[in-house]
Amino acid sequence: MPAAYLAVTLGLTMFSMHPLLIALSFAGGLAYGACVRGWRTAALSLRWQLPVVLVIGLVNPLFVSMGSTELFDLFGRPVYAESLLYGCAMAGLFVASAQWFGIGSTMLSYDKVLGLLGNVVPTVALMVSMTMRLVPRFVRQGRTIAAVQDVALSCMGFGCAPSEGGVSASGEASASAPGEAAASMPGASIPGEAGESMSGGARASMLGETGAAATTPGRRHEPARLLRARRLSDRVTGCPSDRMPVRLSYRMPVRLSDRVTGRLSNRVKGRLRQSSVLMGWAMEDSLETADAMRARGWGARRQRTTYLPYRFTLRDAAVLLVLTVAAAVCIWASWTATNAYEFYPRLAPIRAWWGYVPYAVWMFVPAALHLYETRRFS
């Protein structure tokens, strides 16, 4: 059922060149993404989607000079409102389609793809399932690499506190805390908020009062990304979050231009390093996957037997019948609305019509079902 729904939804989204239908499809995909991944992640996805809409919408009038409502002249070329809105609609269609493709990896897991296409096209089914699984793994591994490197770079120049010294989870500092040893080093100072030097006891008390967020007293606050990186890398570095080291701060006169250039170059180097590590991990993982498939007998015979954990029941047949009828109504509504609407030479008005209602219901069905299941089983 999810595969049939997703196929119809992608077809409706990609072939419905109507502003209201595009907006409904985009809103439905955004609502389901917010239900599954959270509102914060769904809102962060707009960081690249909205610029794409603006860029395509602004570029289209430069190549297509059609319409009846002239806005202004750009380098002797008239810019019309119709071509501008057509570019925005085309960009919205692209963004909505990309959103539903991303949702497809959530609706259809790789085992469902294998169960659906395993007997028909086994090689294609395996390739599709491995590709759907590879992209989320790449994203997760990239975040892990970035988090570990952030913690490794932030821990340069100091070590983790030993188990018998340092700051305990309750915030009490022992006599052998690394902060006191750091305070005894010549030339090393840990400035406070006003820039004065702090003793080891004061530094330990600050760590005890503020916890993990004050592991670097020289800063006003630690970035949220670094805190998340510290928590994520606890398993990798073996350094608990409540015993994070204290960073030594050396004041050196640095020009503002050198500081900005250094930050940019460090960020570029860090991203290149992360990409290199990620590519190395991907090649190693591909070799391990090939060895595992060969060890399990892949390619030993022309036809392989498959096991289907899903059975087609009468309930599935009834749901498929309802889905087919609803899809036919939505396809008819999309066809009628798209043919009746025109961008050139003048924008056609959008009138109230009952055909938009089933189309909107179709797009918001996944979000409604997810909310219903969450309320029922939580």
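The first residue you see is number 1, and the count goes up from there.
Using N, Cα and C of the backbone, Cβ positions are placed for all residues, glycine too.
What TrEMBL records for 49-72 (among others) is transmembrane segment. Long-range contacts of the transmembrane segment (49-72) within the same chain, counting only residues at least 6 positions beyond its ends with a Cβ under 8 Å from a Cβ of the stretch, are 78-88, 90-92, 94-95, 98-99, 343-347.
For 84-101 (among others), the entry in TrEMBL reads transmembrane segment. Counting only same-chain residues 6+ beyond the ends of the transmembrane segment (84-101), those with a CB under 8 A from a CB of the stretch are 6, 9-10, 13-14, 16-19, 22-23, 25-26, 29-30, 33, 45, 49, 52-61, 64, 71, 343-344, 347.
According to TrEMBL, the transmembrane segment annotation covers 113-135 (among others).
Among the features that TrEMBL reports, compositional bias 'Low complexity' is placed at 169-189.
Summarising the annotation, TrEMBL assigns region 'Disordered' to 169-204 (among others).
Sequence annotations record features per position, and here TrEMBL assigns region 'Disordered' to 210-229 (among others).
Within the same chain, residues 1, 4-5, 8, 11-12, 15-16, 18, 21, 355-356, 358-359, 362 sit at least 6 positions outside the transmembrane segment (317-335) and bring their C-beta atoms closer than 8 Å to a C-beta of that stretch. Look at TrEMBL and you will find 317-335 (among others) tagged as transmembrane segment.
According to TrEMBL, the transmembrane segment annotation covers 355-372 (among others).
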